[in-house]
Amino acid sequence: MCRPARRGRLRPGVRGGARLRSAGAGVDLNVELCGLRLHTPLVPAAGTHGKEAVQASEGVYGAVLPKTVTPQPRTGNPPPRLAETPAGMINSIGLQNPGVERFMEELDAFDTGVPLFVSVAGETAGDYSLLCGRLAADDRVRAIELNLSCPNVERGGLYFCAVPASVEEVVAAAVEAAGGKPVLAKLASEGAVEGAQAAERAGAAAVTLINTLPALAVDARRREVRLRGGLSGPAIKPVALRAVYEAFRAVGIPILGCGGVATGTDVAEFMLAGATAVQIGSAGFVRDPREILREFSGYLRETGLDARDLIGAAH
């Protein structure tokens, strides 16, 4: 278990650690997450940044998180996979990935000099255990995030994150297989507090809140459903903020905020609500992440605060 180094206390004027010399020049952006130093609190959300995007954003992210990997290759869902909404987008990619063995062969492409986190998904607790054991054996992998918004085939297809007992079962198996490497549990908005508490009991090092929200797009002209999938983008930000805020009061492990982060102010708000680090997802398709970091750095410069000072300060 690891806890935020500083919680809910403003400390103007304190400086220390490395500073980013571009978008964040002149401010201290360092945070500590589960014993790992991140030179910025920004992390790409799983599945939103490929190898090229990660390399192009070098210096922006404090850790790298590629797309979710599964035990076997997945071709993903047939098109259409995306639908725009007034304040975000719906996606139904279907966890397309080459499988864990091929993924391991490509890991070097994600080496940008910052900690590498890997997101995993499975259909059973055994799948998560297998993946964590395989990844934990590789020194390049520093932490593992469990995507628990997946159907549990052993429990009638109910999502793992929907039942605290399932969260606890999967996390416990993953933690044991990970051999001491930090395991993060990514949860949905519904039951986020109970899920976070279950993850903490099972030994999770941190939780990520929240995953996409269930959503639907309809074609009025054709009078048919266009897409069922997960909603992301600014529309879900208030939901994600509340989940982070309430979970911060309920657990003692760090939180990674995720959902609707599109500006530097959004980053600050998530950290004030209780996040130690903040994931950038769909915003990366429409904005340069360096601009988000510049905006966040500007906020810190104006307030005279370090990034660490913000964690939970709204409580």
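The backbone N, Cα and C atoms fix where each Cβ goes, glycine too.
Any TrEMBL annotation is an automated prediction that lacks curation.
Values in this document were obtained by computation on a predicted structure and should not be read as measured data.
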- Matching residue for the FMN site, where TrEMBL names LYS67, THR68, ASN147, ILE210, GLY233, GLY259, GLY260, GLY281, SER282 - out of LYS181, LYS186: LYS186
- Message: Taking only same-chain residues 6+ apart in sequence, whose CB is under 8 Å from that of LYS67 (substrate binding site), what do you get?
- Response: ALA46, GLY47, GLY50, GLN96, ASN97, SER119
- Around the Cβ of THR212 (substrate binding site), other Cβ atoms found within 10 Å total 25
- Row GLY259 (FMN binding site), column other C-beta within 10 angstroms, all chains, value 32
- Note on the structure: One residue among the binding-site residues GLY94, GLY281 has the fewest other C-beta atoms within 10 A of its C-beta, namely GLY94
- Query: Which one of the binding-site residues (SER92, ASN147) has its C-beta surrounded by the most other C-beta atoms within 10 angstroms?
  - Reply: ASN147
